[in-house]
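**Student:** What follows is a single structure, and I will ask about it in a moment.
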């Protein structure tokens, strides 16, 4: 069995091409567990999680990344937040009926893929590409050609392992400032495209790579763990409350006795009573009643 929730980087010795392979199960399950999403929405979040992991490793930056789908369809938003440590969280918003076998365009409608990179140091960058491809992988390949001018191929698979949702993916990309031959890149992409879902989700990464590239010289680097991690906190909720008009906050307190702030990503609730609000307004730290 593979070591799930890991990202593996690899390099072809005789071609100016790099690759990545990632599988996720526990991370994906934690993203999905607090929601009752229709199956097509689960599949899109799984693909988005895999894609975000692969993109994060490719871009090689310190900071946060957000990859989101947004449009006018019944699933008008799906988003994965991550960082260079491969710590991920995600959520989707459903506002209409989802057909059982809905594809990406049926779910999102007229929409975009928005990639936002927020480095720990330096300027924030945002790239937007229209949802013109039939798959998320095709849209992101288009993004790389437009923004990075780097030929890139993504191969994303979703399924179940032992009855639980899992997903995996592979990425090939021409090395920056290298002159890889198109025929060589196409040859490697053709090999990679033969990967079966069952192989990717159930075999160790080294075996997958050997099956695909056993006639090539491949250097595989140490893997990086992928995990679910939510960045919500009581302090962040308090900061958000500071941005609301006092009248609005007081109205909620009068009506409900407390303010319940819910994190859509992890399901945590943060409760604030009148005393907490007074402390926030006085710039003190409120007590910590948090319920899961």
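Residue numbering: from 1, along the chain as shown.
Yeah, the Cβs are placed from backbone N, Cα and C, and that goes for glycine too.
The following feature annotations were taken from Swiss-Prot:
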- 230-232: disulfide bond (DISULFID)
- 263-266: disulfide bond (DISULFID)
**Student:** Measuring Cα to Cα, how far is residue 266 (disulfide bond) from residue 232 (disulfide bond) in Å?
**Tutor:** 8
**Student:** What's the CA to CA span in angstrom from residue 232 (disulfide bond) over to residue 263 (disulfide bond)?
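**Tutor:** For residue 232 (disulfide bond) versus residue 263 (disulfide bond), the Cα atoms are 7 Å apart.
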**Student:** If one measures from the C-alpha of residue 230 (disulfide bond) to the C-alpha of residue 263 (disulfide bond), what distance in angstrom results, rounded to a whole number?
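**Tutor:** With the alpha carbons as reference points, the distance is 9 Å.
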